[in-house]
Amino acid sequence: MRKTYWLMALFAVLVLGGCQMASRSDPTPTLAEAFWPKEAPVYGLDDPEAIPGRYIVVFKKGKGQSLLQGGITTLQARLAPQGVVVTQAYTGALQGFAAEMAPQALEAFRQSPDVEFIEADKVVRAWATQSPAPWGLDRIDQRDLPLSNSYTYTATGRGVNVYVIDTGIRTTHREFGGRARVGYDALGGNGQDCNGHGTHVAGTIGGVTYGVAKAVNLYAVRVLDCNGSGSTSGVIAGVDWVTRNHRRPAVANMSLGGGVSTALDNAVKNSIAAGVVYAVAAGNDNANACNYSPARVAEALTVGATTSSDARASFSNYGSCVDLFAPGASIPSAWYTSDTATQTLNGTSMATPHVAGVAALYLEQNPSATPASVASAILNGATTGRLSGIGSGSPNRLLYSLLSSGSGSTAPCTSCSYYTGSLSGPGDYNFQPNGTYYYSPAGTHRAWLRGPAGTDFDLYLWRWDGSRWLTVGSSTGPTSEESLSYSGTAGYYLWRIYAYSGSGMYEFWLQRP
């Protein structure tokens, strides 16, 4: 009886809660508490890449521990009587789990006061395409064309640990010289690469011939299968493992992505807050990167791809969520078919490991640098104004590898509105901008929140549906800084800033469509 009590209680909440919903026919928004969100939102149900019947359940901070104690085996035993099949359990980057469940169980979790949100599990793919030398390294160590036919470096990344969240790595390949090993396999295999994508990415990061940082330690975190595809829940499992098991200084490379996923975004944010630098691919759809995850995570370094003529590659995503560009067309590197095999590929997948490699170079010389400091150094050191056809909203920044040892800081955004406020302690909240909502056309909303050191302030975005507010986005990491990107339809929007712990003044930046 004990093992079924928790979910039975959820169903009781569902039955009783159905009698308490406020109703309002006036389409004009109100800030009255009766019309605030009452149930956990479910994201991604209409996504064409959604996997039917599979969901990711994320608990609120401080909740769900009793259910997660004992790991996936215990969790499965407790939820199996309700027809819930648990596939992943998360205790590092997120507090939650992934499972197959029927609509009745989904609705029960949605009504639980302990659940932050639920998300449809989705297909995730590697961001690369095959194509029939090595110019990428040559380009990043110089400011201008023409290429010098050489790669100059003052560091090798020795002592830095890079986690390749991908299809695995052929760890025996000669490019790696014994520095590659298996960390984790979310698919239950041995971490070896049966696709090639992960080995190619690892070669660009740390191969002796093709690598930016030629002495790094490489760890395979396999989340994609032999076809180069996987699920959001599996990718989160890889991020969760990195968060719990990384050794500093640490960098993670994610040359993969898919549609918008709040769960994946929050997992990456929390992993960065735990001290891991993340380089993520912008995507290969020639579209706005703000519509992809984890590309839209502001704390990560989101990378677009360029050609050898310093033009944005025709396939590369673009926009304000891109932080910088790096070589990503016709990039040769190691391949999985033998210990000496090579292959030439195109993609933002190929651009991203150049950035991960430069992060490793910087961390060798600055091993205690925070992810924010590493990102600032890379962005401040980038070559500017050289690229063509970068796409609307994109920064004209090209990766540069010969960084100075100092770090700097960058503003979170340009051409955005700035607000301040104060929270008195846990449970206090403010609405922004300036205590009210705003009407917006369709497009991307982006916001950044900075609270005092040692606090934990969280960020929520609500949208008015004509009768009540719905939560459409949230950023609830464990630190004083949050960021959120959401692409939505025209309508009324409202930002809620909430103090989970601590008090004091905060800064808030808002970029509207």
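Each Cβ is built from the backbone N, Cα and C atoms, and glycine gets one as well.
Per Swiss-Prot, the features are:
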| type | residues | note |
| --- | --- | --- |
| ACT_SITE | Asp166 | active site, charge relay system |
| ACT_SITE | His197 | active site, charge relay system |
| ACT_SITE | Ser349 | active site, charge relay system |
| DISULFID | Cys194-Cys226 | disulfide bond |
| DISULFID | Cys290-Cys321 | disulfide bond |
| DOMAIN | 54-125 | domain 'Inhibitor I9' |
| DOMAIN | 134-409 | domain 'Peptidase S8' |
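Here the features listed in Swiss-Prot are placed on the structure.
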residue : record                           : DSSP class
Asp166  : active site, charge relay system : strand
Cys194  : disulfide bond                   : coil
Cys226  : disulfide bond                   : coil
Cys290  : disulfide bond                   : helix
Cys321  : disulfide bond                   : coil
Ser349  : active site, charge relay system : helix
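When the C-alpha distances from Asp166 (active site, charge relay system) to the recorded positions Cys194, His197, Cys226, Cys290 are tabulated, the minimum falls on His197.
Inclusion criterion for the recorded positions Cys290, Cys321, Ser349: a C-alpha placed within 10 angstroms of the C-alpha of His197 (active site, charge relay system); this criterion is met by Ser349. For Cys194 (disulfide bond), the nearest neighbour among the recorded positions Cys290, Cys321, Ser349, judged by Cα separation, is Ser349. Sequence-distant neighbours of Cys290 (disulfide bond) (same chain, 6+ apart, CB under 8 A from its CB) are Arg296, Gly319, Ser320, Cys321, Thr444, Arg446, Ser485, Ser487. For the pair Cys226 (disulfide bond) and Ser349 (active site, charge relay system), the Cα-Cα distance reads 16 Å. Residues of the domain 'Inhibitor I9' (54-125) grouped by DSSP class, helix first, strand second and coil last, total 25 helix, 28 strand, 19 coil. When other Cβ atoms within 10 Å of the Cβ of His197 (active site, charge relay system) are tallied across all protein chains shown, the result is 28.
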